[in-house]
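Just lifted these from TrEMBL, have a look:
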type     : residues : note
DOMAIN   : 41-290   : domain 'G-protein coupled receptors family 1 profile'
TRANSMEM : 26-48    : transmembrane segment
TRANSMEM : 60-78    : transmembrane segment
TRANSMEM : 98-120   : transmembrane segment
TRANSMEM : 140-158  : transmembrane segment
TRANSMEM : 197-216  : transmembrane segment
TRANSMEM : 237-260  : transmembrane segment
TRANSMEM : 272-290  : transmembrane segment
Amino acid sequence: MRTENQSSVSEFLLLGLPIQPEQQGMYYALFLGMYLTTVLGNLLIILLIRLDSRLHTPMYFFLSHLALTDISFSSVTVPKMLISMQTQDQSIPYAGCIAQMYFFIFFTDLDNFLLTSMAYDRYVAICHPLHYAIIMRKELCTLLVAVSWILSCASALSHTLLLARLSFCDGDTIPHFFCDLAALLKLSCLDTSLNELVIFTLGVAVITLPLMCILISYGRIGATILKVPSSKGICKALSTCGSHLSVVSLYYGTIIGVYFFPSSGTYSYKDIIASVMYTVVTPLLNPFIYSLRNRDMKRAVEKLLNKATVLSQ
């Protein structure tokens, strides 16, 4: 460990995934394929929404921002992990580690708020269909996304500034594949009670409250569906809820498992696998969930393929 003084470090050592050396090549190819699929799949969603006028609706407006967030979220951790697996260099500079932690928190929070906005959109579409166009106007959608970005930035900046005041003298080894805030706090030799209080407070604000809003929205949606089970308009609006619920369940399920029911002491194999689920697997599955279970997206893909075929002839 290179030290600037007795209580600070210039770099950290990421232990990475618990993989045997002879398996590094196989896992490198696997995660590289997953990352490229994540980027290309989400870029395809953004492209389809941009090109197809039928997808210029509030729901797909939020989905395009979610796709962009998933690309960024995955890009915060996976490229560094791949480089470490390829070069066997597990070090990360102090500034790089802090920056990675900031953007990881930022895009995690942004995902939470965007999923909440999408749930609200589905609630209005199903429970107040006659007023949908008035309520979910362009200005409100833009405001919801802007507020999501501002709140996510404020949350990530709060954690980053509080971490920057700490000194690290309990080693420089992080038992993870990215610079996780909880792991960094364990390396500090100063009192971290304020950091832990902020983690709890903001955790309630950016994880628990959005999840409660999503659950309440779908509770109201369920009650509405039971009242008018034969409504054709309701069924059409409901067709997109299955995709959103699948993403919400996968995303929040792994986050709650890691941060609300952590293993005691050091990081366990379970914690790392759960982290891989929401940092790598969830952004990968989102394009498939929204495209395979959504007729509008299927039509947009077919339209794009037909256009490409015509142009190639």
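From the backbone N, Cα and C atoms, a Cβ is placed for every residue, glycine too.
Automated prediction, rather than curation, is the source of TrEMBL annotations.
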Against the transmembrane segment (98-120), which of these stretches has the most C-beta pairs under 8 Å: 26-48, 60-78, 140-158, 197-216, 272-290?
140-158
Any contact between the transmembrane segment (26-48) and the transmembrane segment (272-290)? By contact I mean 3+ C-beta pairs closer than 8 Å, pairs at least 6 apart along the chain.
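Yes, the stretches contact each other.
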